[in-house]
Amino acid sequence: MVNIGIIGCGFVGSELIAQLHATRSSAKRLKVVAITNINAMNISDKEYTPLHLTNWKADLTKSGVKPNLDQFIEYMAASPDHAVIVDCTASEAIANMYPSWLKKNLSVVTPNKKAFSGSLSLFKEIHLLSANYSGNGRTPLTYHESTVGAGLPVLSTLLDFVKTGDEIITIEGIFSGTLSYIFNNYSTIASGPSKGSFSEIVKIAKDLGYTEPDPRDDLNGMDVARKVTICGRLAGLDLDLSTLNVENIVPETLKNVATADEFMSKLPNFDSHFAKLNEEAKAEGKVLRYVGVVNPKGNSGVKLMKYPASHPFAGLQGSDNIIKFTTKYFPNGVIVQGAGAGGPPTAYGIFSDLIKIQERVEGF
Ligand SMILES: NC(=O)C1=CN([C@@H]2O[C@H](COP(=O)(O)OP(=O)(O)OC[C@H]3O[C@@H](n4cnc5c(N)ncnc54)[C@H](OP(=O)(O)O)[C@@H]3O)[C@@H](O)[C@H]2O)C=CC1
Ligand SMILES: N[C@@H](CC=O)C(=O)O
Ligand code: NA
């Protein structure tokens, strides 16, 4: 039995709870015993009785308990069975707490990219404290498959290359579900005209739950840069966000507007700017795609590129990601492709990480 505490129940956290609830039988060894959001917290009793997942939202609201992260973590750390904290926020402050949780023998599963793409020392400390990365004989494990390509097996594939001594030559692809969705629908050749103005398509991507809480974190390239950094670091490179080449496509005057809502309301003023870029690509018989590259020889970064209709990046659907690993053993590449954003595929990645932990800890 593994006890789970979930922090953050937005698009991804809510979907995770729904998936755990829907598969009671396969997940019967995974027990949700604590849930917290910004405004409310629900923790179970001293027996760690599973929380009811049918009405968890109403139970959270009516719990009347003010969120207290210290209390939440102490409760989880006192669990008699192995316990996992699932961080489904995008919070940097919470990401900075992972080492303190690992030191309490709590495992960590998260789609939050901040801890793995922020300071290199935090990344290294987490890896040192996590049994699955350092082989240090301790119990806590850290899995974060959904930080890159949602639940697609990107990091597990990459780690297999690394652990078997294969050599990464390049990792390149479309790492953002949001930017994939936007350009697949906006910059089209074979599939007809754009499905709307640039700002209309950004709004749909936001409503579908693909974007970061502030869509500028997608459009400024930082979300992709974080994923490139995570892949590069797992491949053994000391990549840093500040030294990557990152193309920011947020219009200059919108970079500093105060809120995501204000940004969204002003974005239509820049539709003609994006239409011009699109027309330029079309005139060359190409489409726009936003790509990331990890190159151990240098020049890792993210960039808005033009591709002919025949290129695999030009033919993507919906919010799909496509990530191509070129390695010594696979010189023609290994491609991982599929839904790279949205609640269901992201929660799936978290769920499968939880199953890995349960199987490792319990041995079956
Ligand atoms: N959406 C996607 O497609 C993907 C998302 N991810 C990552 O998953 C994470 C969650 O994304 P998503 O669900 O879309 O984002 P949301 O904004 O929908 O959800 C985030 C949730 O975290 C809660 N939260 C924020 N800070 C705290 C805190 N200090 N304590 C407790 N709760 C907190 C928010 O509470 P409140 O509602 O009260 O503000 C909100 O419910 C992010 O790190 C994102 O990068 C990764 C891959 C794909
Ligand atoms: N905003 C991100 C969500 C997943 O990481 C994206 O669009 O890919
Ligand atoms: Na993944």
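FYI, residue positions are counted from 1 along the chain as it appears here.
From the backbone N, Cα and C atoms, a Cβ is placed for every residue, glycine too.
Unlike curated entries, TrEMBL annotations are predicted automatically.
Taking Cβ-Cβ distances under 8 Å and a sequence separation of 6 or more, the neighbours of GLY10 (NADP(+) binding site) in its chain are CYS88, THR89, PRO213. In the three-state DSSP scheme, GLY10 (NADP(+) binding site) is classed as coil. For GLY8, CYS9, GLY10, PHE11, VAL12, GLY13, the entry in TrEMBL reads NADP(+) binding site.
Here TrEMBL flags 8-127 as domain 'Aspartate/homoserine dehydrogenase NAD-binding'.
According to TrEMBL, the feature NADPH binding site maps to THR89, LYS113. Non-local contacts of LYS113 (NADPH binding site) by the CB criterion (under 8 A, 6+ apart in sequence, same chain) comprise ALA90, HIS144, THR147, VAL148, ASP223, ARG226, LYS227, ILE230.
As annotated by TrEMBL, domain 'Homoserine dehydrogenase catalytic' applies to 153-355. Mean pLDDT, taken over the domain 'Homoserine dehydrogenase catalytic' (153-355), works out to 96 on the 0 to 100 scale.
Residues or ranges marked as L-homoserine binding site in TrEMBL: GLU212. Residues within less than 8 Å, Cβ to Cβ, of GLU212 (L-homoserine binding site) and separated from it by at least 6 positions along the same chain comprise ALA90, THR178, ASP218, ASP223.
Secondary structure at LYS227 (active site, proton donor), as computed by DSSP, is helix. According to TrEMBL, the active site, proton donor annotation covers LYS227.
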Shell list (NADP(+); ref centroid = CB of GLY8, CYS9, GLY10, PHE11, VAL12, GLY13; cutoff 8 A): SER14, GLU15, LEU16, CYS88, THR89, GLY343
Under 8 Å by Cβ from VAL12 (NADP(+) binding site), same chain, sequence gap 6 or more: CYS88, PRO111, SER146, GLY343, THR346, ALA347, ILE350
Listed binding-site residues with Cβ under 6 Å from ligand 2, out of GLY10, VAL12, THR89: none
Neighbourhood of ligand 1 - recorded positions from GLY10, THR89, LYS227 with Cβ under 6 Å: GLY10, THR89
Cβ neighbour count (within 10 Å, all chains shown) around THR89 (NADPH binding site): 22
